[in-house]
Structures are given as structure tokens and as C-alpha cells.
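Everything on this sheet refers to the single structure shown next.
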Amino acid sequence: ALRHFDEFYAGVFGEQWPSVRLALLCPNKPCALLNPFLAEAGAVWQQLRARGALSMRGLCVRRAQAFAGTVDQEAPSSLELAEPLPEAAEGAGVAEEGSFFDESSRYMPGGGASSSLLSFVPSSRMVFQEEQVDEESYRGFYRPDSQLRLPLKQWLPEGEDTPFPGRLDAALFGTGDISTFPAPRRTGAHRLLDYYLMDGASLLPVLALDLQKGDDVADLCAAPGGKLLATLFSGLAGSAVACDSSPSRVQRLRECLRSYLPEKQLRGVSVLQRDLLRPGSLTQHSFDKILLDVPCTNDRLSVAEDDNNWFSHRRLQERLALPQRQVSLLCRGLSMLRPGGSLVYSTCSLSPVQNDGVVHMALQELWQKSGSAQYAIVDLSAAFAALPFRFFEGCRYGQLALPFLPQNVGPLYVARIERIQ
């Protein structure tokens, strides 16, 4: 895995790669997702604060207030925007827009030189363990269509100027603090666990959802359950459907939910074993908000563990086919959105192919089938600005939290797509 990363990512991240590489090889930094269903939640918070932990929600509020005088709210999106489009020719296949969108908010993939996906092309091939595989085997699925037009929407959280929804909060040790959390403990009358430990950046997809009271939510690749728990801990979801294709992972997910949720909350969650790509799977369902944390190369795990490693020789063809599987899952998830609903696509990979590349190809495929822009990209950069993480500036559709030793989370890529028709 590390040999592959040095060959590919050094060209993507440039001078940042040595820092990212070092952080990948060091233990990641977890956060503690507090269980709000415990009567003892206040006491748990006091214990964590006594250890030096900070409230991520409170930290975001303070950072947002500090930035308030320096951030230009009228500044253009940090995503790479093209020049405003000329008027579309009759029959060009671009959807007519309502008053919300103007031509200056159009995003044109394929223009500009800053995109890491388009600007970095290995000389002729990439190294996969002992084999040299033609670069097109991995990236050949990426066939950009210059006619694709995508609306771009800005998102600024309301209220406290923080993207944390409802009552959701998590504890995190400060920048440079490598303290660790003790293992979660069962407490209270229902013997529920007091918090859930996960990578600090794993909250980003839930924050990006912009949960609203009563939303019908789906987590389509839900196991092991951390992101689903965060969604439920917010107290905003009206109903939740969680599914995974693996029987063992579904069983693990059920055990996780039983360890954190009271019986009343459990009754509001449907846990299903489903392969989203199998015909007829979940065809009767539609949702306001969807989490799609797709199978990916899991870069941090790949450099740390050899067992069933994505970069082993026997999994070569499976890995080369992974981006197309991700595209299929994303297209399937987007088809289940209600108009006005949002899907958050995420990976724990640094690969621009699995991140921006998959988002582009899925939206291109749907655009070619419909002949109109049914989906919009939502720019998350302003909403995430107050988070204490380092983000890569070269993404075109989403945000990528980079491993960085003083705050060693991720990698975590997240992109939000809204259905507008």
C-alpha cells in the first residue's frame, strides 16, 4: 500500500505528502461521541473534561466567532468554479433553472488546472506491489463529458454558526494533545455505553447532512454504526433505515445499536441486510437524507494491517474495479432521494479517483440518462471552516480531511449532493 501511495499520492499532494504520509503511519486521533440518552450524560462530560477533553461543538462555536470578523460572507466558493456559462444552445440538454440558481453558480467540471484528479497523470503506469499495471486499468472508468453542467449551492449553518445538528456533540483532545480516552463503560438503569469512540473526522458526513427535525434518514453502508449513532444522537431523525450487504456486519451493527440506544429509540430504526446493487433492493423507499460511506481502500488501515489488504496481489482486480462499484452505489443512492433531499458520499481514502472522480462519473451518468441537471453540488467549505482539522484545497466537489500529526484524523472525504428535480 505504501509503495502505491508514494507513486500516486506524491503527485497529488506535492509538498504536503511527506507530512500526510507520516501521519498515516501514526495512530489516529479519536473523538468520543457522547450518548445523550443517558441520565448520567452530564457526569460523563465532567469526567472527560477533567481529562482535558474539549467539546467539538463548543470549539466550533468559538472558532466561528473568532473568524466572524475576517471571513467575507460574499466570497466565492472555495470549490473550483468555472467562468459563467454562455447561454445554452437550444436542445443542449441543460435543465432550465429556477430563481435560486444563476449562471454564476454553475460548476463546470473539466476546466482549470488546479484539480488534482485532472492535473496529475502518472507518466505511463502505476506500481501495484510487484506488478506494473497500465494506469488506464485504474482510471480508465473516468471519461469526463465536457457538456456536463452542475449547479453549485452554498451552505451556511444557521443558529450557532456550527454544523452540529440538534444535541449532537463529541469530545476531542486539543491540537497537539495525544491523550487517549478510556474504553466506554456501561452505566445507568439500561446499562448503555456512555460514549462511542471513532476517528475524529468520521463525524463530517453526519455534519454535512444538515439534519432537520423529522427527516427520514438512510445509512446505506451502515456497519459498524458510528455515523448512524451520530445521526440518532442528534434527536432529529424521524425514522432511520440502516443496511449493509454482509450478514456479519449487520449483526455487528445490531449489537452496536443495542449497546447505545434505549428500547424506544431502537424501535425507530430498521436494520436490513441488503445488497444495494441487486435488482429490487429497497425499490419502495425514498429518503430526505442519505449517508453513503462506500467501501474504499481505507488508506490508514491499508498501511497498518496486512490481513485482507486491498493492495495484496490477490485483490488487484477487485481494487481496480472498486471505483466503478462506488459509482454504481452512488447512482443507486441518489435515485432514492426525495426532491430537496441530500446524499452525503464519503470515503476514508486519499484517492482522487475514489473521491472527486467517482462523484463526477456518477453525476455524469445520471445527467446523460436524464438529459438535465437533477442534482446540485453543495459547497461545504464555509460550514467546515471552524472545524479543527486540516483540509486539502485541491478538491473539486467535496472536502478532504487530511492526516496531520497535531490533529491526526482521517483521511476522510465527504461530498454532499442535493436532488433539485
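Just so you know, glycine gets a Cβ as well, placed from its N, Cα and C.
Curation plays no part in TrEMBL annotations; they are all automatic predictions.
Between the candidates Asp199, Asp288, Asp293, Asp299, TrEMBL assigns the S-adenosyl-L-methionine site shared with Cys221, Ala222, Ala223, Pro224, Gly225, Gly226, Lys227, Asp244, Asp275 to Asp293. Of all Cβ atoms in the protein chains displayed, 22 besides its own lie within 10 Å of the Cβ of Ala223 (S-adenosyl-L-methionine binding site). Mean predicted confidence for the domain 'SAM-dependent MTase RsmB/NOP-type' (107-420): the pLDDT average there is 87.
Under 8 Å, Cβ to Cβ, and six or more positions away along its own chain, Gly225 (S-adenosyl-L-methionine binding site) finds Ala242, Arg252, Leu253, Cys256, Leu257.
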